[in-house]
Amino acid sequence: MGDRLRLAVGIMGNASSLLLYAAPILTFTRVIRKRSTEEFSCIPYIVALSNCLLYTWYGLPVVSYKWENFPVITINGLGIILELSFIFIYLWFAPTRGKIKAGTITTMVMVIFTVTAIISAFVFHDHHHRKVFVGTIGLVASVAMYAAPLVVVKQVIMTKSVEFMPFYLSFFSFLASVLWLAYGLLSHDLLLASPNLVGLPLGILQLGLYCKYRKRGIIEEEPSKWDLEHNNIQEKPKHMQLSMNEDVNGKI
């Protein structure tokens, strides 16, 4: 019963993580359409890539015991493909300064992952120590992934707009945190559960900010529409007066 429940939660965790990793598709559809990255940050996608790389390695039999963490491998392997696609699109449309920044951070992530994989495979000679080593680094990457959308929080607060903090990214981050926390606890694997103890409150914070500033944005937009309509009503008599003057002058 316990194994079946763990497997069921793992499948639901995979589904939520798939939605989390796929959520930026809407963002990058806009980037492609406008041929500009605008004010979007690439950091959340680079951090998500590092998380996917580390946990794919964590789930493989090199680190874990046989295929005990197979659900972790499948979703993070797919996440690698998606995140690399998003980063490539960002690099293609970003300005030169943005390309340099994103390229530098991506290179650093790849180097850290490679060093981690080599050390875990050749320095440690049992699964327990390999899991502790890779899981600890993965913990840092996971916390960074869940916190990455907070990069735009300052902008959200200053502009009182959530335009560049996508709702689905925050929502699915929260949902994935809940399910993977449950999976880690059912598996008695604190290295899988602990990142989500941080991800859960961060997800709640992001959703709270979205709800707060989304409502305020709606309230602030309505007066401007009324003002436009009021201005149009006021302008009509002016146009009518001008046309009447022209007619009178023409007759004279």
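Just so you know, glycine gets a Cβ as well, placed from its N, Cα and C.
According to TrEMBL, the protein carries these features:
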| type | residues | note |
| --- | --- | --- |
| TRANSMEM | 6-28 | transmembrane segment |
| TRANSMEM | 40-58 | transmembrane segment |
| TRANSMEM | 70-93 | transmembrane segment |
| TRANSMEM | 105-125 | transmembrane segment |
| TRANSMEM | 131-153 | transmembrane segment |
| TRANSMEM | 165-186 | transmembrane segment |
| TRANSMEM | 192-211 | transmembrane segment |
With the cut-off at Cβ under 8 Å and a gap of six or more residues from its ends, the chain residues touching the transmembrane segment (165-186) are 2, 5-6, 9-10, 12-13, 16-17, 19-20, 23-24, 26-27, 44, 71, 146, 149, 152-153, 155-156, 192-197, 199-200, 202-204, 206-207, 209-210, 214
Quick tally over 6-28, 40-58, 105-125, 192-211 of CB pairs under 8 Å to the transmembrane segment (70-93) gives the top stretch as 40-58
If one takes Cβ-Cβ under 8 Å and requires six or more residues beyond its ends, the residues near the transmembrane segment (6-28) are 40, 44-45, 48, 52, 71-72, 74-76, 78-79, 82-83, 86, 89-90, 166, 168-169, 172-173, 175-176, 178-180, 182-183, 186-187
